Amino acid sequence: MAEQVTLSRTQVCGILREELYQNDAFHQADTHIFIIMGASGDLAKKKIYPTIWWLFRDGLLPKETFIVGYARSQLTVDDIQKQSEPFFKATPEERPKLEEFFTRNSYVVGQYDDPASYKHLNSYINALHQGMQANHLFYLALPPTVYEAVTKNIQETCMSQTGFNRIIVEKPFGRDLQSSNQLSNHISSLFREDQIYRIDHYLDKEMVQNLMVLRFANRIFGPIWNGDNIVCVILTFKEPFGTEGRGGYFDEFGIIRDVMQSHLLQMLCLVAMEKPATTDSDDVRNEKVKVLKCISEVETDNVILGQYVGNPNGEGEAANGYLDDPTVPRGSTTATFAAAVLYVKNERWDGVPFILRCGKALNERKAEVRLQFRDIPGDIFHQKCKRNELVIRMQPNEAVYTTMMTKKPGMFFNPEESELDLTYGNKYKNVKLPGAYERLILDVFCGCQMHFVRTDELREGWRIFTPLLHKIEREKPQPFPYVYGSRGPTEADELMRRVGFQYKGTYKGTHKH
C-alpha cells in the first residue's frame, strides 16, 4: 500500500509558491491590476472576491497586485467588504491579513456604455502604478448583453501600454452557433486569442487534469483505450438540488446549454483525444478540436429530455417540481435533465457511443467518466463475468478505480466483482488543493490557457448542439417527468441500454458517493 502523505495547507501553498516563482510566465515582480467589471453583482460577491482573497491569504498572487472593482452602483470598498466577507470564511487569526487585503482594493463607479467612464477608470488604474510597468487583467462578471460595449471600451481606453492585457469572459458564450460566432467575432476583432480567457469552472478540477496523466503517462492504458476494447463511455453530471427559486435564469438556457454543451463536451474531449505533442495549452486544445470535428450534429432520436416533478414523499424543496418555482414561466417545457448519445467518427472510436447525461434534482451529487469494456470473448465461466469498468470521479469525492473479476473464496471457480483502487487521495490524505476557481485565476496570472475554451473549440461545440436546440425551441416537446430525488426518467436508462450500456446496479463498491 502506498505511503500516506499528510500536508498542511501551509505546506501545500509553499509547494505551489515554489512552482509559481520558478515559472517564467508568472511575473512575480510586476505590478498587476485585477479589474472586476460588475463588482456589485452576485458572482463577484460570492466567487471572485473570495477567490482573490484566498490567493492573497496564501501568498499565491504577485506581491504588487491591486484589485479594482467597477460597476454602476454607488458603492465603496467598505460596502464591497460587507457584501463579500461572509463568503471569505476568514478565521479570527486571519483578520490582520484580511485588513491588509482590503487596503489593496478600490472601487470605481461608472457606466458600461459610456466612454467617459472608461477614461476615468483608466486614469485611476494608471495612478495606482504611477507610470511603472503594469499588467491589466479584466474579469467580466457581467451579463453577455453588455459584453460588446464593455470590451470595445476596454480595448479603446483601458489597455496597458507597458505590460500584458488579459480578458476573462464568463459563460454563457452565446445561446447557439450564430450568437456565439457573433460574440466571438466581436471579441476577436479587439483582442488576440492569447488575451482571451473563456472560463469554464469545471475544466480545472484536479481529477479532470489527472485524466490526461492517467491516459498518457501509463502504458497499460494505451493499447486498450479504443473501440476494440471499450463498448461505451458514460459522462455524468448529477445535482441533487433543483432550481431553488432561481429557475427564471435557468429557464432561459436549460440543462443542455448549462452543462452538456460545456462541461460534459469538454470531458468527452479529454477522454477521446489523441496524445498531444506536448502539454502546452495549444497542443492540448488542438487535439480537443480534432475530436469535436469528428462528431456529427446530435440526432433527435438519440436524446431524452426530462423535467423534475415534486416528490409526494419529499419535504421542503424536494416536494416541489420545476414548474412550482415561482420564477419559472407557467407551462415551461425547459428540460432539467438530458441524456444524449454522440459518436466520434474516427479510427479509434468508430461505433462507440459516448453517452452524456446531466440533470438537476437527482438522487445524488456526482460527476464522473465511466468507461465500460467489452464482454470477455470465449467466456468459460458460464456468463457469470461482469464487464470491467474504469471510473474517474471528479465529485463529490475524487476517485479512480476499476472494477474487475476475481475468484470468490471457496472450492470452485466462482467469479465475483471487486475493485482495483487507483485513487491518489488514498496517498495524499487530507491534502487540500486550491479549488477550481482559484486554479483558474492563477492560470490567468500565469498565462496558461489550457483550461480555457478557444474560439474554434467553442464554434465546434455549438455546431454539434445548435440544430437540436433550435428544434427543441421550435417544437417545444414535452419533457419526460421524473420525481425529485430519483435517477431521472426511465426513458434515459432505456436509451443507454439500446446503445449498448449494461447497468450493474447489484455491485456495491467501497467508493461511496
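Placement of Cβ uses the backbone N, Cα and C atoms for every residue, glycine included.
Cross-referencing R17, R72, R104, R192 against the NADP(+) 1 binding annotation in Swiss-Prot, which names G38, A39, S40, G41, D42, L43, A44, K45, Y147, K171, picks out R72. Within 10 Å of the C-beta of K89 (N6-acetyllysine) there are 10 other C-beta atoms, taking all protein chains into account. Taking the Cβ of S40 (NADP(+) 1 binding site) as centre and 10 Å as the limit, one finds 20 other Cβ atoms among all the protein chains shown. Local packing around the recorded positions R72, K171, H263, K360, R370 was summarised as the count of other Cβ atoms within 10 Å of each Cβ; on this measure the leading residue is K360. Spatially, by CA atoms, the recorded positions K89, H263, K360, D421, T423 include one closest to K171 (NADP(+) 1 binding site), and that is H263. For the pair D421 (NADP(+) 2 binding site) and Q395 (D-glucose 6-phosphate binding site), the C-alpha distance works out to 16 angstrom.
R357 (NADP(+) 2 binding site) counts 27 other C-beta atoms within 10 Å of its own C-beta, drawing on all protein chains shown.
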